[in-house]
Amino acid sequence: MNSLTVDFLCQYLLNQIADNCLGVATDKSGCCVLQQCVEYAKGETREYLVGEIIANALLLAEDCYGNYVLQHLLDLRVPEITNKLLRQLGGSYMALSCNKYGSNVVEKCLMESGEQNAAQIIMELLNNQTASMLLLDPFGNYVIQSALKVSKGDVHVALLNLVWKNSPMMRSNIYGKKVLAWFEKKKFLHPDMHCKNVRRYPHEDFLQQ
């Protein structure tokens, strides 16, 4: 079997996997195979494979195995791939943040997509009418903690204001306490938290822009 035949068979197999990527990605073994295929594929074959994965991103993000495939794409740190994936997930970050597996994908997006993209994701969350529920959510609270780690400037201030505004109800919630523990660790203090050393920030005007 010559090299041309081997290349043809490999390309054929990769295309077959791409055609059935949802089923492959949501299988315990298949998700690992698919990640290896992304690494191996080249040129148009890789573009097709990655495109099919991204097309199914919303379903994969909430799957116990599929979410790892999306995280792998983000780990590649290829700007074109990352941007396409972020656009596909756009408008769904709130719902994903409250999902056991989707929240892992959102955290990965925040940590691996760069400051500007992370800021856009965070603002989508903050502009949601139910943003405060993330502070009390079993999975959303981890998204908030990751957002606090990567955010800067006005976006970071907006996050701080969200926490400070809702700190009273957070104190009586097991997940809210996790976020407050992050504040204690980082020494971010606010009068609403009954601390002696006050660090003042603007209110949530930034959210109204």
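Including glycine, each Cβ sits where the backbone N, Cα and C put it.
Taken straight from TrEMBL:
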type	residues	note
DOMAIN	1-187	domain 'PUM-HD'
REPEAT	16-51	repeat 'Pumilio'
REPEAT	52-87	repeat 'Pumilio'
REPEAT	88-124	repeat 'Pumilio'
REPEAT	125-161	repeat 'Pumilio'
- Near the repeat 'Pumilio' (16-51) in space but 6 or more residues beyond its ends, with Cβ under 8 Å, are 10, 59-60, 63, 65-66, 68-69, 72-73, 76, 81, 84
- Item | Per-region confidence, the repeat 'Pumilio' (16-51) (mean pLDDT, whole number) | 92
- Query: Tally of helix, strand and coil residues over the repeat 'Pumilio' (52-87) according to DSSP?
  - Reply: 28 helix, 0 strand, 8 coil
- Note on the structure: Its residues classified by DSSP, the repeat 'Pumilio' (16-51) shows 29 helix, 0 strand, 7 coil
- Message: When secondary structure is assigned with DSSP, how many helix, strand and coil residues does the repeat 'Pumilio' (125-161) contain?
- Response: 28 helix, 0 strand, 9 coil
- What are the DSSP helix, strand and coil residue counts for the repeat 'Pumilio' (88-124)? 28 helix, 0 strand, 9 coil
